[in-house]
2 protein chains.
Amino acid sequence: MKACGLIVEYNPFHNGHLYHQEASRTKTNAEVTVAVMSSSFLQRGEPAIIDKFSRTQAALEHGVDIVVELPFIYAVQYADLFAYGAVSILNALGVDYLCFGSESGDITEFTKNYDYFNAHEDLFNEIRQNHLNEGESFPQASTKAYEAIGLRDGKLDLGQPNNILGFSYVKALRHLNSYIQPETITRTKSHYHDETIDYSIASATSIRKDLFNAGELSDLSRKALPEETIKQLINYQQASGLWHEWELYFSYLQLLVQTHSHEQLRHIHGMIEGLEFRLKQTVNQANNFQEWMELLKTKRYTWTRLQRMFVHLLTNTTKTEVDQYKERKEPPYIRLLGMSSRGREWINLRKKSLDVPLITNLQQLSDPLLNIEERATDAYYSPIPPQKRYSLKRQEIKGPIILK
Amino acid sequence: MKACGLIVEYNPFHNGHLYHQEASRTKTNAEVTVAVMSSSFLQRGEPAIIDKFSRTQAALEHGVDIVVELPFIYAVQYADLFAYGAVSILNALGVDYLCFGSESGDITEFTKNYDYFNAHEDLFNEIRQNHLNEGESFPQASTKAYEAIGLRDGKLDLGQPNNILGFSYVKALRHLNSYIQPETITRTKSHYHDETIDYSIASATSIRKDLFNAGELSDLSRKALPEETIKQLINYQQASGLWHEWELYFSYLQLLVQTHSHEQLRHIHGMIEGLEFRLKQTVNQANNFQEWMELLKTKRYTWTRLQRMFVHLLTNTTKTEVDQYKERKEPPYIRLLGMSSRGREWINLRKKSLDVPLITNLQQLSDPLLNIEERATDAYYSPIPPQKRYSLKRQEIKGPIILK
C-alpha cells in the first residue's frame, strides 16, 4: 500500500485542500492519504476556527485516512521551519510521496532548482541574513535571496507563496536525506487573501470574514463549504459556545503585555528587536485586536509576523524553546489524531518499523514537546467557559478518532 | 491644624471605618483626617469591589479630608509589611496622630508592650522564622512567637487580628523613629467573617456576599451601607459594567498557571515552596475560583495566603520586586488621590516641608513603584470591556478628586 503525505491545516477553507487531496491521490496512485495537520494555531499565526479534534473528524469524513499532529512548536513558524517539522514527521512515518500545491505545478522545477540552490546555499543564507538584519520579513528576505543567487528569473518563481512553501518542503526532504518522493499539483486561483466568497473554491479569508460577521453560517458559507465541514462547525459551536478568532484573546494579550517587563517580553519567540516597546506603547490605545494590529503594523512588523508573536506570547513560548527544535533530525514522537479503517491497516503495517514512538494521547509519554503542546491547547481553549472547556480538553487523553 | 492619620481600604464595608474615623477625630481633637488607602487590591488578597477613585470619592463624602494611595507593593502583604508601608507614608506626610481600631482599645497596652517586645525582638524573630519554616502562616507564626516571648498572657492579646495589625503600626512607628503619636479605639463587635448582615455595623463578608449573590443592591445592603457608598457602587457599576470579585479573573489565572513553567511560577511573590506544583495539579479541576481555592487550601496554604499569591500572579509581581521595598525608610513619592477644601489647606501648609515628592497623577514621576502601580491598575481593570476600561484608566492621569 503506497501512502501519500499531505501537509494541511484543515481550517474551514479546506476546499483548496480537498481538491489538492483528490488530485494528489490521482497523481501518485497512492491508496492511503496521510495528513500532517497543525494543532490549535495555524501557520499564519491564528487560532484555528474549530479545534484539532473537530478538524480531524472533518478530514476523515473528507477521505483522509490518517491524521497526525504537527507539533505546535513547528506549526506557527516561517516556511522553512514549518516545512522542516512537518516533513520530519512524514519521513519518520515512512510515507512514499509528499504532495503539495504550488503555483508552478511542475515538480522537476523544484528538484532541478534544489540542485542549483544547494550549490549556492551558503551565499543564499548570507544574503537572506543581511536582509533579515535590515528588518525585512522572512518571506521578503527569502525571495530577495533566491533572486540574488539567480533562482527567480526564468526558473521556478520563488516570489509566489506556494512555490516558496513547496521549495521549503523539497529542501527539508533533502536535508533529511529522505526517500519520500515529492509531487506537486497546480494550485488553483483562489488566493489566500480574497475577501469575497467564490462559489467553487472559497478562500480562507472570505469564509472567515463571513462566519465572524454573521456569528452563524450564512447561506453563502453553506454553499461554499463542504457538508462535513459545516457539520463540524455547528457541532463545535454547540460544544464550546464559540468559533475561535483573535478578538476573543484580546484582553489576555493586553494583560500579558501590561504585566510583562520589556525584558520578559524579549524572551518570547518572535519578539523582534524593538517590538516590545511598540507593544507597551500601543496596548492601551486599541479597543480590539484588529485595531491593535493596525497600530502595530509596519513594513518590518508584518501582519503574519505580529500574529505569530501573539501566539507565542499567549502560550508563553520562548526563543530558547524553539531553538531546541530547529535542527532536530527526528521528531520525539508521532501523535495519531485519527484514522479510517484503511488508515488503521496501513498503520498496523508500518508500526513495527517505526523508530519513533507512536502515541495516541497526551499522557502516553513524558516529553517537553508534549508539555508545550498542552500549553497550546490550554491557551487555545481559554475563552471557553470552564465546564465546556473540560469536556473538550478531555479529548486530549482519549484515543484517536476512528472513522468506521 | 492637627492631623489624624488613618490606614484604610474603604471597600464597601466601611461602616467600621466610618465609626473609627469619627471616634478617632473625637479622641485626638484633630481637625484634619488623612487616610492612607489601598489602591486596587486589598490586604487580604482581593480586588476591591469598586476602584480606588470611586472609593476616594466615597471617603471624601464621608468626611475624610485627604486620601493618599498606599502603593500596591505594600497593600497586599502580611501585617508587618502592610503596616510599614502605610506608616512610612503617614510619617513622610507628617501627620500628628495615627489612629487605629483594636480589640484592646488601650494604647498604653501597645506602647508598654512595644518596649518589652523591643528587648526581645531577636528572640521573637528567631521563633517566628522557625514557625514559618515549618510551613505555618504569617499570623499563626507571629501569634506563637509573641506568646513564646511572653507577650500574650495577661498583657495585650496578640491572638486578635486588629491587635496584631495595631501592634505592627506601633512597631513601624518605632522603627521609623516617628514623632507620630499612636492612638487606638475599641473595635466594635462586627467581625470580618460574619456572614449575615448586621443592620447597625455590617461586616465586609456579609455585604460582599449579598452584593454578588444578587448582582444588585438588595434592600438589606441598602440599609446596611451609608448613602455615599451606595451612590459610588451604583455609579461604578454603570461606568464599568461590573463589581470586581475574584471570579472575574478566574480564566486569566488559569491561563497564567497553565502557561508558566514551575520555575517561572517560583519567581512570583507569595509562591511558597511547593505551591507551584499544587497549582499546576489543580488548575484543570475547578469550574470557578471558589472551587479552585477549596482544592488548594490546606493548613499551610491559608485562604488569605493563596489569595495574595493570586494577586501577585495576576500582576506578575516577583519576589525580587517586593524585597526591594521591605527596608525602605522613606516612600519614593506620596500620591494624592483626593482632598476636601480643608484637606487642601492642610496640604498647602505641609507642602514645603515634605522631603518626598507629592504627586497627583501617574505620569508626574518616573519610578519603578509607579510602574508596578500601573500594572496593578491594568490587571485590576482587565475584566472590563476595553471602551469602558479606557475612560476609567484615564483617571490615573487626571489630577486628584477635589470635594468642594
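Every residue, even glycine, has its Cβ placed from backbone N, Cα and C.
What TrEMBL says about a protein is an automatic prediction, not a curated fact.
If you check TrEMBL, you get these features:
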BINDING   B:7-20, B:Gly101, B:Asn162, B:Arg187  ATP binding site
Conformational class of B:Ile7 (ATP binding site) under the three-state DSSP mapping: strand
All-chain count of other Cβ atoms within 10 Å of B:Tyr10 (ATP binding site): 27
For B:Ile7 (ATP binding site), the number of other Cβ atoms found within 10 Å of its own Cβ: 24
Under 8 Å by Cβ from B:Asn162 (ATP binding site), same chain, sequence gap 6 or more: B:Phe100, B:Gly101, B:Ser102, B:Glu103, B:Arg187
